[in-house]
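*Asks:* Input: one structure, supplied below.
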Amino acid sequence: MAVRWTWAGKSCLLLALLTLAYILVEFSVSTLYASPGAGGARELGPRRLPDLDTREEDLSQPLYIKPPADSHALGEWGRASKLQLNEGELKQQEELIERYAINIYLSDRISLHRHIEDKRMYECKAKKFHYRSLPTTSVIIAFYNEAWSTLLRTIHSVLETSPAVLLKEIILVDDLSDRIYLKAQLETYISNLERVRLIRTNKREGLVRARLIGATFATGDVLTFLDCHCECNTGWLEPLLERISRDETAIVCPVIDTIDWNTFEFYMQTGEPMIGGFDWRLTFQWHSVPKHERDRRTSRIDPIRSPTMAGGLFAVSKKYFQYLGTYDTGMEVWGGENLELSFRVWQCGGKLEIHPCSHVGHVFPKRAPYARPNFLQNTARAAEVWMDEYKEHFYNRNPPARKEAYGDLSERKLLRERLKCKSFDWYLKNVFSNLHVPEDRPGWHGAIRSMGISSECLDYNAPDNNPTGANLSLFGCHGQGGNQFFEYTSNKEIRFNSVTELCAEVPQQKDYVGMQNCPKDGLPVPVNIIWHFKEDGTIFHPHTRLCLSAYRTAEGRPSVHMKTCDALDKNQLWRFEK
């Protein structure tokens, strides 16, 4: 018996040593205390659990204190900055913009600890919190080839604005970056920062799986996900954690303030924030708060219910996130995961909110810094699992999505069944009732091809931030939906509703076709947006008594205008096709 015990003891000892070796290798960059002045910040020192006699206001202190503000420094208080550059410096700046889609040349010259003016509502500033009763959080920041200064400014911003008693850790997840400065240089830098851990993936995982890797190592009660080019404002964390402490089924987002990619000006929203929505291509959109939600809230600082979230910045109870099925790991890189999670939380008994007292700035790059080749695959997965029969509206506007190999969905569908989730019809009626649901009547939606110039289809391409700022035109038929998808409704409207609900109109005394916002459901239809799409293929506008006609400009470019109807003119014939 003694011999058996000795061998068992040896086996246990060997197993313990192997486990210890694994942990040492796995956490090659461990959490260390910061030396005084690390990264330019003043350390408060290692913090103990608060004593019972510690005052509540003292519990609000962050782990690190920002250096004193320098009103003359670039970007201080969130001001816009512009450098006077010579030809060589300007070339360097443009090269960095091309690489990162952000003005990193300027970012590198702005303090990592800059101060941001606190423009929160008075009620937010006056709000008191019971810190001892709030849950702790792990802040998870996944990154891939992020610029040095924007990544470090994000880290310092969290450390310098989050109460030390609430911030369990910052977990950085490096998704196989290949930039040299993100190797040993980053490890050395964060080894001087308290409560910051670095995890590196062994292969490119994409945002969804990289975040999940971070979540598996998190020890906080709440998971707070941030993008890697953010700046947190004063008091950003407490409202999120307090809301979750009161309702664990709430996923709560901060108000996302804009940091200009070129000047680094911090635009803080001071009024009512926008809420999330989507169009029928399953692209995220911002919307104003509807009246029924304003009426439901009793205070300006009450959380605002949102049908969807942007996805980059949110907090969720770790237990609830696991119960809800975390992320769909079948999604690649990024894109679509935000809508999938939004549909899931609402349909499965939770809620999604934006807290008006929590503000985090986000640098919106000039363009996406890397491609999203799997966006349609991701959105198709969301549509197949959560949208029921309404997924046809998505496919109609994204014909290539029907051919996407979106992978095995059996586990996600079982999850929906196990959680006893509601239908998408319920979601539209109870959560996003303001969204117009297309009719998509058979034979009356899709691309509208000209019979006179048969290679061309009606096309609408509005400028950014001005949905009605263009005219209807012709462009080569591409079969991709999008800007060539139209719907002829039972109200006799020609709707362009892939992005925004727009209706074709003929402005008074004009011969071109513009676009205006469609009337809300149930309201009268203006006469200038009523069309008769006849069986013979003509598109007649009763108010002007004219017909839509294709033609070529003097330069030979195909276009459309309104013209006297002529039954023999083939340029006035059109047909819908999928």
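Placed from the backbone N, Cα and C atoms, the Cβ positions cover glycine too.
Residues or ranges marked as topological domain 'Cytoplasmic' in Swiss-Prot: 1-12. The transmembrane segment annotation in Swiss-Prot covers 13-35, and the record cites sequence analysis as its basis. The topological domain 'Lumenal' feature in Swiss-Prot is assigned to 36-578. Look at Swiss-Prot and you will find 134-243 tagged as region 'Catalytic subdomain A'. For 303-365, the entry in Swiss-Prot reads region 'Catalytic subdomain B'. If you look up Swiss-Prot, you'll see 444-577 marked as domain 'Ricin B-type lectin', on the strength of sequence analysis. Positions annotated as site 'Interaction with glycopeptide substrate' by Swiss-Prot, on the basis of similarity to another entry: D459, H478, N483.
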*Asks:* What is the average pLDDT across the region 'Catalytic subdomain A' (134-243)?
*Replies:* 97
*Asks:* I need the CA-to-CA distance for D459 (site 'Interaction with glycopeptide substrate') versus N483 (site 'Interaction with glycopeptide substrate'), whole Å please.
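*Replies:* A Cα-Cα distance of 6 Å.
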*Asks:* Counting only other Cβ atoms and using a 10 Å cut-off, which of the recorded sites D459, H478, N483 scores lowest?
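*Replies:* Result for the recorded sites D459, H478, N483: minimum number of other Cβ atoms within 10 Å at H478.
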